[in-house]
Structure formats: structure tokens, C-alpha cells
Amino acid sequence: MVVTTASDGTTPRDGWSSRSAFVLAAVGAAVGLGNLVRFPAEAANNGGGAFVLFYVACIVLIGLPVLLSETLIGRHGQASAVESMKRLAAESNASKWWGGIAGLGVAAAFMILAFYCVIGGWVLYYIGLFAADIVQSGISGGALTGMSAEDIKAIFPDLLNNGFTMSVLDVAFVVITVMFVARGVSGGIEKASVWLMPAFFMLLLGITIYGAFTGAFSEAVGYLFTFDASKLTGPVMLAAVGQAFFSLSLGVAGMMTYGSYVGRDVNLAKTSATIAFADTSVALIAGLCIFPIVLAAGLSSDGGLGLMFDTLPHAFQSMPFGTLIGLAFFVMVGFAALTSSISLMEVPTAWAIDKFGLRRAPTAISIAVAAAVLGILSAYSFNALSGFHPLGFIPLFEGEGIFSALDSVTAKLFMPIGALLVSIFVGWIAERRLIDNENGLSGGLHRFWLFLVRWLCPLALTGILIVGIFPSLLPA
Ligand code: PFF
């Protein structure tokens, strides 16, 4: 176990064994279903190049400053997110209630964990589907041979109708996740990132190169990057900012928690920039990985989850070595989803360990059980519980089942509120000297970062929050 010392110089804590371990773990947290499913679909549906450019601007000008703010709060506190916020607030003579921001984040991370593992379960299902296909028909032909177009189209809706299968898969994904979290930071979480992230990158590059040779690569480049400024409407901009925050895992105390395991010698500014760069590159490469395959099969991109779970399996059917590529693709998605779900589970686990002085393994297992229960309810919200709308009394969440309500509440409220309050806290409340000691910046860059955290981030995040709650305020 790697040990770092808390800022009060007392409690020894488990931590990352090196800077690169932290980078891999944080990139693992950031790179996930958001990069592979949501980014390509949103980019394609929201005007390609204009969306992509605006997205990158959001990452640099809003996402990166908040990412640095979150990691520095964690590193300074050397404790769970709530405790770290409280410590920095106390040292800055501010109210200890600021710890509540991180408390919101802990709740949000738990809610995301619950529905994220349901999707992780779907990924397991598709891994099984393609693996069985290889056993049956070998690797040389296209995927899912012998299935008609209708049969393939029915796979995903059939899965969504089957609450029991989804529940079993959800539990399986939660169990895989907790096996790493229960083993601790250096002994479990770090091990997962150090093995899975390089494997993920190799699979991503391999499949992208395959798509470049066998798929419609130049068409895909045109599709994703053609710049049409007229497409940059209010809703498109809102989608880009929301996606940037989700993709960098901000506003849910995840990066605070991971930051708390970082040693004092690490330059947080450089490290945050590396994390944001890697996350954005993966999102862009994911677009270049998926669309050549989809477009070559003459399919169109329908948005959201359908792109991955409906359109792609269809496309793999007509590709050379489609079964093998299909299997490699879903294994890659599984790796990315797992390193993200590990980070999501770590947030409430670290909080409960700190708050109640509990041991890690039983704490992680209890949180896993709670997440599995909520996940199972989410799985049934596609079928038996589809008529149950837990937040139906709030107009913003009207008609949403459990799965979709968890997604909306966290994306529209918890994440922007969390990130907004973090930027206000770091920009205005926390003692300057403490922040300056941690952030690894100097000179003009330091002043620019401070400007972004003090002004641009709070303004942009307030805007996102308001139009997220009152979408009708957005000009179309
Ligand atoms: N960033 C992850 C993705 O893009 O899929 C999702 C996520 C993971 C959000 C961890 C928040 C978090 F704490």
C-alpha cells in the first residue's frame, strides 16, 4: 500500500504509487460511455464541426479550470471529498457548510453509478453475443450471420424488455466494479487503470485503423468536422457544455476524491491538462472509429444509446471480420465503462470510510449492494416499472422513469450546481495563498486561470443551470 500523509500531518492514507498512475486512473474515470456513446452521437446530430469546436472550447475554458479546482481541493485536503472541502473551508475561515457541495457530489456519483452499471450490463450482454458468435461461426465472416435485419434490430429492444436479464447483468457489472474498489487505491483501483487503459487505447487505435481501411473514413471526417456556424444554436451549445462536464467527470466530487490520493510533488495544472487532452482526444477518435463503420454500412446515426447498441451491431454484420471487431469493440467499451464505474463507486466509498471510520471492503460492498438495488429498479423502468415516474410531479422530469430520471437529475441539476459552487468556492471563498500553493501555475497562466474560475465558469455554469431548468428560454 502506498501511503500519503493527510494535510494535518497525522493520518496515513493509501494513495497512487506515481504521477502516471494518477493520470491513468483519472483518464480512466474521464474516458467512458460519455466519450464512446454520447460524444459521437451528439456531434453528428448537432452539426458536426461547429459542435466539436464549441465542445473543445468548453473543455479548455470551463472544464479544465474546474478540473484543476477539484483536484486541488482533494490534494489539499488529503481526505474524502466532503472532508477535503471542509478542511479547506475551515483553513479559509469559511463556513463548514461548503462541505455540503461535495456531499451533493457524493449523492450524484452514487446515482450515476446506479444507472451507469445498467449500461455496463448491456455491454456485457453484447460481449457475450459476439463471443458466442465467434464460437459458432468463427472469425472470418461478418458478425451475427444468419440473423435477418429484423432479428438484429430486435436485439436491443428485446434486452430492454427483459428486466431480469438486465438485472443479472447489472449485478455482474457492479460485482466486477466492487472487486477493484474493495482492494483499495493502490492495490485495486490503480491496478485496473494501469492494465485496462493501455489495453483500451490499443483497441481503440486498432479498430479506428481497421475502420479507416475498410470503412467510409473520409465521409466520416466530413460528417464530424464540416463546419457550419449556422448549426451552432442554443440547444447545441447547451449539449456541448453538458457533454464536456460529463466527459471530464466534473461536479460529482470524483476528481476531488482522486485528487486526494495525489502526492505533494505532482504539478496539478500539467496533470489536469494531460487528463483533459487525453479525454478529448478519445472522444474525437471515438467518432473516427465509429462513423466510418456505420456510414460504410449505409446506416444513419440515430442519436444516443441506439448508435452503439442498435446501429453498430448491424454495421458489423457486413464487415470483414465483423464478429471479431464487434467483440473487440464491446470489450473496449467495457474497459472504459469499468474504469469510470470504479471512480463513481470510489466517491461514496471514500466518503463513508472517512465519515464513519469504517473499513474499506465492507463499505465498498454495502455501497455496491445499494447501487445494484437502484440499478435493478432502473432496469425495470424500461419494462415492468415503465409507468412509474418518481419525479413526475416536477415538470422538468415529467414522464421520466427511474433510469432516465437519475440521468436527468444528475446532468441538469447536480453536476452544474456542484461545478458552479466549486468554481465560486475556489475563485472567491478559499484563501488565495492555499490555492496558489496547490495549483502549479504561475504568472500570466495563473492569472488567466483565476479569471476563468472567478468569472467565466460561474457565469457559464449559471447559464447552463438556468436553461437546463427552463429549456424554453433557449432560442432554437
Ligand atoms: N466521464 C464518464 C464518461 O464520460 O462516461 C462519466 C463519469 C464518470 C461521470 C465518473 C462522473 C464521474 F464521476
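Including glycine, each Cβ sits where the backbone N, Cα and C put it.
What TrEMBL records for 20-37 (among others) is transmembrane segment. Away from its own ends, the transmembrane segment (20-37) comes close to residues 71, 116, 119, 186, 189-190, 192-194, 196-198, 200, 243, 246-249, 254-255, 258, 261-262, 266, 271, 274-276, 278-279, 282-283, 286, 290, 304-305, 307-308, 332-333, 336-337, 339-343 of its chain (Cβ-Cβ under 8 Å, at least six residues beyond either end).
Positions annotated as transmembrane segment by TrEMBL: 49-68 (among others).
The transmembrane segment annotation in TrEMBL covers 97-116 (among others).
Per TrEMBL, transmembrane segment is recorded for 123-144 (among others).
The transmembrane segment feature in TrEMBL is assigned to 164-182 (among others). Sequence-distant contacts of the transmembrane segment (164-182) (same chain, at least 6 residues past either end, Cβ-Cβ under 8 Å): 117-118, 120-125, 188-189, 191-192, 337-338, 341-342, 345-346, 349, 360-361, 364-365, 367-368, 371-372, 375-376, 378-380, 382.
Residues or ranges marked as transmembrane segment by TrEMBL: 194-217 (among others). Tertiary neighbourhood of the transmembrane segment (194-217): same-chain residues 21, 24, 27-28, 31, 282, 285-286, 288-293, 295-296, 319-321, 325, 328-329, 331-332, 335-336, 338-339, selected by CB-CB distance under 8 Å and a gap of 6+ residues from either end.
Residues annotated as transmembrane segment in TrEMBL: 237-261 (among others). Tertiary proximity for the transmembrane segment (237-261) is limited to same-chain residues at least six positions away from its ends with a CB under 8 Å from its CB atoms, namely 4, 13-16, 22, 25-26, 29-30, 32, 34-35, 38-39, 42, 46, 51, 54-55, 58-59, 62-64, 66-67, 70-75, 77-82, 84-85, 102, 104-106, 108-109, 112, 185, 268, 275-276, 279-280, 283, 340, 343-344, 346-347, 350, 410-411, 414-419, 422, 460, 464, 467-468, 474.
Look at TrEMBL and you will find 273-299 (among others) tagged as transmembrane segment.
The transmembrane segment feature in TrEMBL is assigned to 319-342 (among others).
TrEMBL lists 363-382 (among others) with the feature transmembrane segment.
As annotated by TrEMBL, transmembrane segment applies to 413-430 (among others).
TrEMBL lists 451-474 (among others) with the feature transmembrane segment. Counting only same-chain residues 6+ beyond the ends of the transmembrane segment (451-474), those with a CB under 8 A from a CB of the stretch are 58, 61-62, 65-66, 69, 234-235, 238, 241-242, 396, 411-413, 416-417, 419-420, 423-424, 426-428.
Residues 65-66, 69-70, 72-73, 85, 88-89, 92, 94, 98, 101-102, 104-105, 107-108, 111, 242, 245-246, 250-253, 450, 453-455, 457-458, 461-462, 464-465, 468-469 of the same chain lie 6+ residues outside the transmembrane segment (413-430) yet bring a C-beta within less than 8 angstroms of a C-beta in it.
The transmembrane segment (273-299) makes no contact with the transmembrane segment (97-116): fewer than 3 of their CB pairs lie within 8 A, with pairs spaced 6 or more apart in sequence.
Tertiary proximity for the transmembrane segment (319-342) is limited to same-chain residues at least six positions away from its ends with a CB under 8 Å from its CB atoms, namely 25, 28-37, 113, 116-117, 119-120, 123-124, 126-127, 130-131, 133-134, 137-144, 173-174, 176-177, 180-181, 189, 192-193, 196-197, 199-200, 203-204, 206-207, 210, 214-215, 249, 293, 296-297, 308, 312-313.
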